[in-house]
Amino acid sequence: MILANVFCLFFFLDETLRSLASPSSLQGPELHGWRPPVDCVRANELCAAESNCSSRYRTLRQCLAGRDRNTMLANKECQAALEVLQESPLYDCRCKRGMKKELQCLQIYWSIHLGLTEGEEFYEASPYEPVTSRLSDIFRLASIFSGTGADPVVSAKSNHCLDAAKACNLNDNCKKLRSSYISICNREISPTERCNRRKCHKALRQFFDRVPSEYTYRMLFCSCQDQACAERRRQTILPSCSYEDKEKPNCLDLRGVCRTDHLCRSRLADFHANCRASYQTVTSCPADNYQACLGSYAGMIGFDMTPNYVDSSPTGIVVSPWCSCRGSGNMEEECEKFLRDFTENPCLRNAIQAFGNGTDVNVSPKGPLFQATQAPRAEKTPSLPDDLSDSTSLGTSVITTCTSVQEQGLKANNSKELSMCFTELTTNIIPGSNKVIKPNSGPSRARPSAALTVLSVLMLKLAL
């Protein structure tokens, strides 16, 4: 009898371990957050080919057309449509910045997501795919194309913003698109209208979307030690046409105008997602990714929310959209919070300084890493010093050092004020979801050891 019980337990143990370790346990419609995102244009095509999805999508768009969320929630047909779409690729779809059908993709995304939140959100989720590249990738390309590696003493005295413009002129595509936006933004329309801002913005968008970042970043985020260099950096986007105006509008009003346009709304949401200051990272950036923040910042240039350097000071980095919080009334606190995300943003400041310094940081968190963009914002977060030297800007020595260290699984930060070496990031975030996966916590192997322990105890008791 005891032997029979033991045999049954062994059989049960084998089946239990097989089911727990089986990859099929990770699959199923209930885990739609794990599904890799499809671009919204393709997702729309897939939905249109399926009658159930297509009809439900039309129903949901009709439900959201009235913009009355409470009415939609009370309507069973609207809720049924939403439940069906939540299990389709359309619900999790994302877009790529600069893609061929970007506007169409974003229109599809917002047609679903605009009405699903109650009221106006301060921070909106980004419709763009997450950035996986790092600044170190840009450094390597920039050093190859620009031929950097000069004597540090000579480099310290050079105007890096001027060098960046010269490097752009050596590339046909960069030179062509830069000449185009300079010509358009400098073209006076009349004595009372200095330029056609709409055309200027379009030309700037084409430049920053179509020219590789190893050129655009060097022009936009070049490090400076004197006022002449800093002024050239400020003039990069031709601010007299693209940025400044006779009067500064209220920042919340400007945000409202931006959010009426799908492209502008998406770029602003992407900036908040990638540059919003975080308590939970060393660099104050979400996932310690400087590249994602700088890319999101550059992505806003050429829209109503275009940001720029507020002055030509070489010792401090302060950027802002052309707006103020005058006339905010009882919304002044919200307005100031919105403006501080630009003017007092440690993530953005650190990212700009890191690029000018030729450094990047990867860190291993001491504790669990949560989604950085959901953390409460730090009002005052210590940032890197402002007076970083130009001598290390995009230098070959910096890249060589980082490369040699990377071979050992480390990355170095070689700024004069801060010398750190961090191990590679060991916590992974699954693309297309907000979930964080710890290295040793895979779902398929989470419970077999516990089951084995329990069953061993039961076997021992029965044997006794």
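Here the Cβ of each residue, glycine as well, is placed from N, Cα and C on the backbone.
For Cys40-Cys93 (among others), the entry in Swiss-Prot reads disulfide bond. In the three-state DSSP classification, Cys93 (disulfide bond) falls within coil.
Cys63 (disulfide bond) counts 20 other C-beta atoms within 10 Å of its own C-beta, drawing on all protein chains shown. Per Swiss-Prot, disulfide bond is recorded for Cys63-Cys78 (among others), and the stated evidence type is similarity to another entry.
Every protein chain considered, the tally of other Cβ atoms within 10 Å of the Cβ of Cys105 (disulfide bond) stands at 25. Positions annotated as disulfide bond by Swiss-Prot: Cys95-Cys105 (among others).
The number of other Cβ atoms within 10 Å of the Cβ belonging to Cys161 (disulfide bond), over all protein chains shown, comes to 24. Positions annotated as disulfide bond by Swiss-Prot: Cys161-Cys222 (among others).
Annotated disulfide bond per Swiss-Prot: Cys168-Cys174 (among others), in sequence order. Long-range C-beta contacts of Cys174 (disulfide bond), restricted to its own chain and to partners at least six residues apart, with a cutoff below 8 Å, comprise Ala167, Cys168, Val211, Pro212, Tyr215, Thr216.
Here Swiss-Prot flags Cys185-Cys200 (among others) as disulfide bond. In the three-state DSSP scheme, Cys200 (disulfide bond) falls into the helix class. The Cβ neighbour count for Cys200 (disulfide bond), using a 10 Å radius over every protein chain in view, is 25.
Cys195 (disulfide bond) falls outside any helix or strand according to DSSP and counts as coil. Under 8 Å, Cβ to Cβ, and six or more positions away along its own chain, Cys195 (disulfide bond) finds Ile184, Cys185, Asn186, Arg187, Glu188, Ile189, Ser240, Cys241. As annotated by Swiss-Prot, disulfide bond applies to Cys195-Cys241 (among others), with the evidence given as similarity to another entry.
DSSP gives Cys229 (disulfide bond) a helix state. Less than 8 angstroms from the CB of Cys229 (disulfide bond) sit Asn159, His160, Cys161, Leu162, Cys222, Pro314, each of them six or more residues away in the same chain. Positions annotated as disulfide bond by Swiss-Prot: Cys224-Cys229 (among others).
Taking the Cβ of Cys323 (disulfide bond) as reference, residues of its chain lying under 8 Å away and at least six apart in sequence are, in sequence order, Lys248, Pro249, Asn250, Cys251, Asp253, Leu254, Leu339. Marked as disulfide bond by Swiss-Prot on the basis of similarity to another entry: Cys251-Cys323 (among others).
Around Cys258 (disulfide bond), the C-beta neighbours below 8 angstroms that are at least 6 residues distant in the chain are Cys264, Arg265, Leu268, Phe303, Asp304, Met305. The disulfide bond annotation in Swiss-Prot covers Cys258-Cys264 (among others) and rests on similarity to another entry.
Cβ environment of Cys275 (disulfide bond): Cys285, Pro286, Cys293, Ser296, Tyr297, Asp341, Asn345, Cys347, Leu348, Ala351 lie under 8 Å away, each six or more residues apart in the same chain. According to Swiss-Prot, the disulfide bond annotation covers Cys275-Cys293 (among others), on the basis of similarity to another entry.
There are 27 other CB atoms within 10 A of the CB of Cys285 (disulfide bond), with all protein chains counted. Under the heading disulfide bond, Swiss-Prot lists Cys285-Cys347 (among others), citing similarity to another entry as support.
Here Swiss-Prot flags Asn52 (among others) as N-linked glycosylation site, drawing on sequence analysis. Asn52 (N-linked glycosylation site) carries a helical DSSP state (H, G or I). Close to Asn52 (N-linked glycosylation site) in the fold, though at least 6 residues off in sequence, lie Val84, each with a CB less than 8 Å from its CB.
The DSSP secondary structure for Asn357 (N-linked glycosylation site) is helix. The feature N-linked glycosylation site is assigned by Swiss-Prot to Asn357 (among others).
Taken from Swiss-Prot, the feature N-linked glycosylation site applies to Asn413 (among others), supported by sequence analysis.
Feature annotation from Swiss-Prot assigns GPI-anchor amidated serine to Ser444; the stated evidence is sequence analysis.
A sphere of 10 angstroms centred on the C-beta of Cys40 (disulfide bond) encloses 28 other C-beta atoms. Take the Cα of Cys224 (disulfide bond) and measure to each of the recorded positions Cys40, Cys95, Cys105, Asn357: the nearest one is Asn357. Taking CA atoms as the reference points, Cys63 (disulfide bond) and Cys93 (disulfide bond) are 20 Å apart. Here the C-alpha separation of Cys200 (disulfide bond) and Cys93 (disulfide bond) works out to 31 Å. A gap of 31 Å separates the Cα atoms of Asn357 (N-linked glycosylation site) and Cys95 (disulfide bond).
Cα of Cys78 (disulfide bond) to Cα of Cys40 (disulfide bond): a span of 21 Å.
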